[in-house]
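J.: Before we start, here is the structure in question, set down as structure tokens.
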Amino acid sequence: MQDLISILDLAKEEVLEIFEKTDALLRGKIRLRLDGKIVSLAFFEPSTRTALSFESAALSMGGRVLGFTSEESISVAKGENLADTVRMLDNYSDCIVIRHKFDGAAKFASEIAQKPVINAGDGKHEHPTQTLIDLYTIKRIFGTPEGLTFGLLGDLRYARTVNSLVRGLKFFRPKKVYLISPPQLRLREEIRNELDYPTEERVDPRDVIGDIDVLYVTRIQKERFPDESEYEKVKESYRVDVRLVEEMRKDSVILHPLPRVTEIDRRIDSYPQAKYFLQASLAVPLRSVLLHEVVGGVEA
Amino acid sequence: MQDLISILDLAKEEVLEIFEKTDALLRGKIRLRLDGKIVSLAFFEPSTRTALSFESAALSMGGRVLGFTSEESISVAKGENLADTVRMLDNYSDCIVIRHKFDGAAKFASEIAQKPVINAGDGKHEHPTQTLIDLYTIKRIFGTPEGLTFGLLGDLRYARTVNSLVRGLKFFRPKKVYLISPPQLRLREEIRNELDYPTEERVDPRDVIGDIDVLYVTRIQKERFPDESEYEKVKESYRVDVRLVEEMRKDSVILHPLPRVTEIDRRIDSYPQAKYFLQASLAVPLRSVLLHEVVGGVEA
Amino acid sequence: MQDLISILDLAKEEVLEIFEKTDALLRGKIRLRLDGKIVSLAFFEPSTRTALSFESAALSMGGRVLGFTSEESISVAKGENLADTVRMLDNYSDCIVIRHKFDGAAKFASEIAQKPVINAGDGKHEHPTQTLIDLYTIKRIFGTPEGLTFGLLGDLRYARTVNSLVRGLKFFRPKKVYLISPPQLRLREEIRNELDYPTEERVDPRDVIGDIDVLYVTRIQKERFPDESEYEKVKESYRVDVRLVEEMRKDSVILHPLPRVTEIDRRIDSYPQAKYFLQASLAVPLRSVLLHEVVGGVEA
């Protein structure tokens, strides 16, 4: 494996192998070592969870991390073009984990760098390592991600986690995927056209909530709406609250890539369907396996 | 030992054991290892000295550090509640060192996290690891912190270092503690009521300076005063200058948690009473011992 | 070797020994270890390349790094004087790498600290580790830096890289050094007086470009000019573009300490004379050797 820019850079077998290794790591059956390797974090867009979980993953295997987690912290080189910055990190490390506000920035970086590049989110394009965590969480809960019914809720137009996830689901033939969003935030047409499984667009989650195995929630951001009153109108309908969860099946689950703000009521945390903390806890082991594959560590 | 939120979470025997281990570490009699352990720094309020000394302590034992040292560097998750952020770090590390502007934030974090939590300062509440450094410095100089006369000078109302220290002194039966402050910045009544040793409030340090073994200085901050003229009036009286030090006994000492701005004249640095640089130099060894106890490292 | 404040703190033999060790490191003939050592970065002025290359160097040898890379990240201690901050890092680490906006700050730090201090740029004074990288790059390309003809282009008045380089060139008896700059940005008289080799001031690079072996480019900053129109006038003449490079000899080279903004046309990157990426790639190995000498690591 070299670069990971899109979830579709992986074959299904590679995804399953990553899941198996993560299982083995969690069961203590393998130990992964990255001694002497340096991972660089090139976070042009700030992030806490993604950056720190990559850092924890690298450190836990004996690797080291350098780089930056906000554009301001590299202010002096502000005028520097992305290519030169990537070349610099290519000299300083064995792997580049990049987040950038522009779609395609990770792909561009991978064309400049000789070292492998991992996309940690580029614009509204993709966030493939989050998708691996999402799918692996589903596999842990349901035994397999195959043949389930999904409800993707919220911002389906700009959320890169959703764009990656709908592509990743192609590996696992979902029974159906409900695309539940306000009209302004529908999944983009060109992405929906890529999908080879049944999808159905919905505006109100309550219409289909009883049919769903996995409810995947993303935040709706005020900035996406031309005026605030429109935002205020839709906001409430896409908030996961007690009333909505009471209508969900007992064996269904709620996932969220986190951080959440108001889109999931904190009272939901104690419901059996709330699996977003489990999901969050799988980020470090899964990213450990991935970094280890990409950087070429030693298995002990 | 699990969490360290208040200095009173420790028993006197535990405090003495920490001092003995620090002695042993400084004498090279023990080597403490933290290999493979990750300490997270959750500094919602910025800090240089405290954060870096914890980092130096962890690194010197072979441990690793991740986290953030200012709230801005986690801007994307600004809307995230503290509980979710703590859960995240709980997944990523073996121990959480937290600083936060709110009293009680460290306690709250410790109730969320499964990993041990160390309070590195919460609002005006406490800063227990600084108190351990303060008391250990006194023990190094006087042989024991027992039975001494203290003068606590400056802001006794809002300085968490003072709040922790007066509690920590309960272990060592001081002969007397002079609480020397402007009327607006007196030690809070509820804390003074907790103390079981003789205290005496004073406004002018010169009245008692000859009687003091340990002068503990804290900064008086302009923001505490409703108008600046009032601040300007008191500022000078609480500045440690040559005239004041000349009235101190030769075997008395001046401590300060640092950083200092103008509250200690730099000419004092060369006086024999000036022990704040010794105090600063003991931060890393003491915090090493503490981290090692809390995280559960190996003694070699 | 103790501190490295100016390139002239080194003897020629020491410079050559650093080059030989860097050769050996790159050829895999020696392995340098810094296990258990902590390097602190005290970057009061922000930097990405210099800070990260020192970090990569330390980490690649098994050392650890702590510190700060912008003044804002140490905001709470803003009022603290430099001496106290240096004393703190002296307690926390085995070596201090400092960058500061004031000429002489590194020298001052070295007088306070007991641990060795490396100057990573102080005001317009010096940047000796960059000079070592520059000279080593030249040695790699030409076999030796001795007896070459140089063209130093751009801001010769305020660029500390230039101030260090002209001093460092004293070791290698250049045939001639053309000092090519707008009149406002000439090399300062007191520095030119130090030089014991032939120099010639020029305003237009085209007059001498065919005679040059090494063209060393620095950025001209708008802030240096009293009014913007004057800046706009000179800017173009000091931009390395295709037309200028076409007039250079095929075996001549272009160096630049990076980051560059507009002063080198990106189309030049593919010309054989463009050696600034090679130069950048030598930063980590050279700084590894230097840190190893200064901190006193183990050769394996």
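Yeah, the Cβs are placed from backbone N, Cα and C, and that goes for glycine too.
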J.: For the carbamoyl phosphate site that TrEMBL assigns to B:Arg49, B:Thr50, B:His127, B:Gln130, B:Leu258, B:Pro259, which of B:Arg99, B:Arg157, B:Arg224 is also named?
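T.: The candidate from B:Arg99, B:Arg157, B:Arg224 that TrEMBL ties to carbamoyl phosphate along with B:Arg49, B:Thr50, B:His127, B:Gln130, B:Leu258, B:Pro259 is B:Arg99.
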J.: Determine, for the carbamoyl phosphate site, the additional residues of the same chain whose CB lies within 8 Å of the mean position of the CB atoms of B:Arg49, B:Thr50, B:Arg99, B:His127, B:Gln130, B:Leu258, B:Pro259; present them in sequence order.
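T.: My list of surrounding residues reads B:Ser47, B:Ser53, B:Ala120, B:Gly121, B:Thr161, B:Pro257.
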J.: Select from the binding-site residues B:Arg49, B:His127, B:Gln130, B:Arg219, B:Leu258, B:Pro259: which have any Cβ-Cβ contact with chain C shorter than 8 Å?
T.: B:Arg49, B:Leu258, B:Pro259
J.: List the binding-site residues among B:Arg49, B:Arg99, B:His127, B:Pro259 whose C-alpha is within 10 Å of the C-alpha of B:Arg219 (L-aspartate binding site), in sequence order, or say none.
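T.: For B:Arg219 (L-aspartate binding site), the binding-site residues whose Cα atoms are within 10 Å come to B:Pro259.
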J.: Taking the Cα atoms as reference points, how far is B:His127 (carbamoyl phosphate binding site) from B:Arg160 (L-aspartate binding site) in Å?
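T.: If we compare the Cα positions of B:His127 (carbamoyl phosphate binding site) and B:Arg160 (L-aspartate binding site), the gap is 6 Å.
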J.: Whole-number Å distance between the CA of B:Pro259 (carbamoyl phosphate binding site) and the CA of B:Arg160 (L-aspartate binding site)?
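T.: Per the Cα atoms, B:Pro259 (carbamoyl phosphate binding site) and B:Arg160 (L-aspartate binding site) stand 14 Å apart.
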J.: What's the CA to CA span in angstrom from B:Arg160 (L-aspartate binding site) over to B:Gln130 (carbamoyl phosphate binding site)?
T.: 10
J.: For the carbamoyl phosphate binding site, please report the maximum Cα-Cα distance among B:Arg49, B:Thr50, B:Arg99, B:His127, B:Gln130, B:Leu258, B:Pro259 in Å.
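T.: Looking at B:Arg49, B:Thr50, B:Arg99, B:His127, B:Gln130, B:Leu258, B:Pro259 as a set, their Cα atoms extend up to 16 Å apart.
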